[in-house]
Amino acid sequence: MTRMLIVGPAGSGKGTQSTRICQALGIVAISTGDIFRANIKGGTELGREAQQYVDAGELVPDSVTNRMVEDRLSWDDAASGFLLDGYPRNLSQVSALDEMLERLDVSLDVVLELTADREELIQRLTKRAEIEGREDDADEDAIRRRLELFDTETAPMIAEYESRGLLRRVDGLGDIDEVTARIMDVLKG
Ligand code: B4P
């Protein structure tokens, strides 16, 4: 059973690789971004709360996000392992997750960081905007804001997991299969 996080800037391949990792390990992928997008599409109350932030590339308020993750972690399918994609995204979410895991009496096995340079990230997001039409990918200001927030909010939380000895860094450049192979090597090791 594996309980893990995948972290990295927008466009680093988190969502793409999560699906593959979860298939290989037989665990469930929980993506905060996907949950927000599904709720926005479905017009739920959570979607209405999140939409303005997601569209602008801002972080959805911690109180909303933490509540949503705690609820999702209580589902039966998460009892046999999970991969959290896109959460936590700042130090305050790390504290909230620590408390959730303590209540569940479980701990994290590994935190996987995907790296890629800014030019590649922007290229990937721009391409996805053409293919999938995600609002936050189509807006240059929103992309810039997401990358900025990664540096100011998310990088310190990654440093926290590094200090706990949980972090494994994987180069996210190259084609999707190559990156998956690198990740699988790291997870086996
Ligand atoms: P996310 O859904 O997490 O969006 P993301 O950072 O862009 O990652 P995603 O997983 O979609 O993309 P990936 O890198 O796989 O968040 C969206 C928004 O939700 C946030 O801005 C925020 O508003 C909100 N949110 C989410 N979590 C939150 C939290 N914890 N707290 C507060 N707010 C939160 O892939 C990008 C593209 O690259 C894809 O098109 C893919 O095909 C391509 N790609 C991947 N790997 C590639 C490779 N090796 N080569 C070429 N292309 C590749």
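Just so you know, the numbers here start at 1 and follow the chain as drawn.
Here the Cβ of each residue, glycine as well, is placed from N, Cα and C on the backbone.
What TrEMBL lists as ATP binding site is GLY11, SER12, GLY13, LYS14, GLY15, THR16, ARG128, GLY174. Feature annotation from TrEMBL assigns region 'NMP' to 31-60. What TrEMBL records for THR32, ARG37, GLU58, LEU59, VAL60, GLY86, TYR87, PRO88, ARG89, GLN93, ARG134, ARG146 is AMP binding site.
On the structure: features taken from TrEMBL.
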residue: GLY11; record: ATP binding site; DSSP (3 states): coil
residue: THR16; record: ATP binding site; DSSP (3 states): helix
residue: GLU58; record: AMP binding site; DSSP (3 states): coil
residue: TYR87; record: AMP binding site; DSSP (3 states): coil
residue: ARG134; record: AMP binding site; DSSP (3 states): coil
residue: GLY174; record: ATP binding site; DSSP (3 states): coil
Close binding-site residues near ARG134 (AMP binding site), where close means Cα within 10 Å, chosen from GLY15, THR16, ARG128, GLY174: ARG128
Entries of GLY13, GLY15, ARG134 (binding-site residues) sitting next to ligand 1, with Cβ under 6 Å as the cut-off: GLY13, GLY15
Per-residue pLDDT averaged over the region 'NMP' (31-60), given as an integer: 97
Neighbour tally for THR16 (ATP binding site), based on other Cβ positions within 10 Å of its Cβ: 17
Candidate nearest VAL60 (AMP binding site) in space, where candidates are the binding-site residues GLY11, GLY13, ARG128, GLY174 and distance is Cα-Cα: GLY11
Distant-in-sequence Cβ neighbours of GLU58 (AMP binding site), under 8 Å, six or more positions away: GLN52, ARG145, LEU149
Packing count at ARG134 (AMP binding site) (other Cβ atoms within 10 Å of its Cβ): 16
Rounded Cα-Cα span from TYR87 (AMP binding site) to THR16 (ATP binding site), Å: 15
Cβ-Cβ distance under 8 Å to GLY15 (ATP binding site), same chain, at least six residues away: SER31, GLY33, ASP34, ASP85, GLY86
ARG89 (AMP binding site) CB neighbourhood, other CB atoms within 10 A: 20
Reduced DSSP assignment, THR32 (AMP binding site): helix
Spatial neighbours of LYS14 (ATP binding site), counting only the binding-site residues THR32, TYR87, ARG89 and Cα distances within 10 Å: none
Candidates THR32, TYR87, ARG89 (binding-site residues) - the one closest to ARG128 (ATP binding site) by CA: THR32
Other CB atoms, at most 10 A from the CB of VAL60 (AMP binding site): 19
